[in-house]
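J.: The structure that follows is given in the form of structure tokens.
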Amino acid sequence: MALSSERLFDSLGHFGRFQACVYFASVFQAMSCGIHYLASVFMAVTPNFVCGFPGNVSSVLFHNSSASSIEDTWTLWTSTENYIVVQLENGEIWELDQCSRSKREVSLDLAYEYEGNKSVFPCSDGFLYDDTKWKSTVVTQWDLVCDREWLAKLIQPTFMLGVLIGAVIFGDIADRLGRQRVIWFTSAGQFVFGIAVAFTFDYYSFVIVRFLLAMVSSGYLVVAFVYVTEFVGIKARTWASMHVHAFFAMGIMIVALVGFLVRTWWVYQIFLSIATLPFVLCCWMLPETPFWLLSAERYEEAQKVIDTMARWNKVSTPCEVSELCSVQQDDLASGRMGDDATSSAKKHNILDLFCNWQIARRTITVWLIWFTGSLGYYVFSLSSVSLGGNEYLNLFLIGAVELPCYIIACVAMDKLGRRNTLIPFLILSALICVLIMFIPQDFNILIILANMAGKFSIGVAFGLIYLYTAELYPTIVRTLAVGSGSMMCRVGSVVAPFCVYLRSVWIFMPLLLVGIMALLSGILTIMLPETLGKPLTNTLVEATEMGRNKKSYSENTPPEHSGAALEKIEMFGQERVSTDK
């Protein structure tokens, strides 16, 4: 498609008025993906809580402070090991822990310390929650604490599992039925399922509807990347597709804003879901991409879209479908002369990514970078609300820091090279993880700034790995390489919430794991070849030689072919960028 596509954009413009309208309309909805991916950071908050008690309270004691109600003691609560002593109207004295309650056998004087006999009871009267910050969360709604705490910890991982499955399903459907229909369905699905989450009647229906929401959100993000790259020419494609991530980051910032303004989880969910309602109402106006129409042999519809693009871009002589078809057929015919013998001789599978030691080492390194990028991205994002200070501002800043990191990634990978950009930012993210461990916990501002720097550095590495992967592998296994890398990325996103939960074991455990993975990835990346300015390799032998003898390979590269080959790879890489999130 490369030659015919560039013929079209040379005729109509690489990023004219029509492409700008389609682009910004499409990526606007990408904000909703960022919204739903991170919505649980406030929706599934576990506030301070203690066991409920049987009866009416007359007085409350917490250490040396007395109060008339439990609500007055929450500001003094500092640890999960604390307990509250209450005296009921009938004279009974109870000690209320988080997951149990004890009745004092001797009820004489109300004192905090008691050495006598106690009768321990389960929390059969429910729980009392601190509602000073959040009026209601899914945890307080369905008592997802104590022996049901594991259910709360499954909320984000099950969502990410839906992201994984949705990307696979809707990516395939988009190739079969077209990008336009999938964009319609997934954008409407995000709104419908997003609202439905707010009206779920129990935990299990909540998780199921959120799983469906994850599938359509991931499906939209996958197809939207491909959709915009098929409307944007090569001259603007790198920047245009990379900055779809910026709108995803803006969605994270919206989560922080809405979370600050709305403190009831189901109202919060409704507001998040209607944030992108304008796109749902107008997405039916988006056209199908001309390249998918050509591949489906719907030539008249393709010509109508091309004519519309020409009118919007004020081009008097638009490109004809017949010209594109002739160029495409010539391209395919010339490609078959060199590829038919190879493709017919062997059907390639994932084992070809381990065909020799050079390629196997490359594959392991690339998979590790994909996994580390996703793991670090979500660990920094999900743990931002636990850094101290204002959790809403923390999440907002963690989203905002992504906006410049994609600009840096675009510039650096074209000026310094893919490997030479990837290595320092991976190692920098590892060093930042170590640095954070040595910052005193009462230095909140410094901790937040360091986490922003960590998110920035891992974001740069995460943003360019898809293109680097496409350039490292030959044509015959390139799709397998990028696809397998994307699966490792999604595995990282599923593992990330569990990694964050390890804060309960040691507060720095998530950072330690991310730091180790980033350092290991950075060191292994040193052994990868630089691909900037290198031509597309077609066989595994060529790809192996590129790794063994980088200097001789680059000297044998005709300069006049390097740029054209790079453009083809960049186009391929941008079409696969959907695998990032």
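Positions of Cβ are set from backbone N, Cα and C atoms, glycine also.
Grabbed the feature section from TrEMBL, which reads as follows:
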type	residues	note
TRANSMEM	20-39	transmembrane segment
DOMAIN	75-533	domain 'Major facilitator superfamily (MFS) profile'
TRANSMEM	150-170	transmembrane segment
TRANSMEM	182-201	transmembrane segment
TRANSMEM	207-228	transmembrane segment
TRANSMEM	240-260	transmembrane segment
TRANSMEM	266-286	transmembrane segment
TRANSMEM	364-380	transmembrane segment
TRANSMEM	392-413	transmembrane segment
TRANSMEM	420-439	transmembrane segment
TRANSMEM	445-468	transmembrane segment
TRANSMEM	480-500	transmembrane segment
TRANSMEM	506-528	transmembrane segment
J.: Establish whether the number of Cβ pairs under 8 Å between the transmembrane segment (445-468) and the transmembrane segment (392-413) reaches at least three, counting only pairs separated by 6 or more residues.
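T.: Counting Cβ pairs under 8 Å, at least 3, so yes.
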J.: Considering only the recorded stretches 20-39, 150-170, 240-260, 266-286, 480-500, state which has the highest number of Cβ pairs under 8 Å to the transmembrane segment (506-528).
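T.: Comparing 20-39, 150-170, 240-260, 266-286, 480-500 against the transmembrane segment (506-528), the winner is 480-500.
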J.: Between 182-201, 240-260, 364-380, 392-413, 420-439, who has the most Cβ pairs under 8 Å to the transmembrane segment (480-500)?
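T.: The stretch I would name here is 364-380.
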J.: Which residues, given as numbers and ranges, are at least 6 beyond the ends of the transmembrane segment (20-39) yet have a Cβ under 8 Å from it?
T.: 159, 163, 183, 187, 190, 194, 213-214, 217-218, 220-221, 224, 227-228, 231-232, 240, 243-244, 247-252, 254-255, 268-269, 272-273, 275-276, 278-280, 282-283, 286-287, 312, 381-382, 395, 399, 581
J.: For the domain 'Major facilitator superfamily (MFS) profile' (75-533), report the average pLDDT of the model, please.
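T.: Summing pLDDT over the domain 'Major facilitator superfamily (MFS) profile' (75-533) and dividing by its length gives 85.
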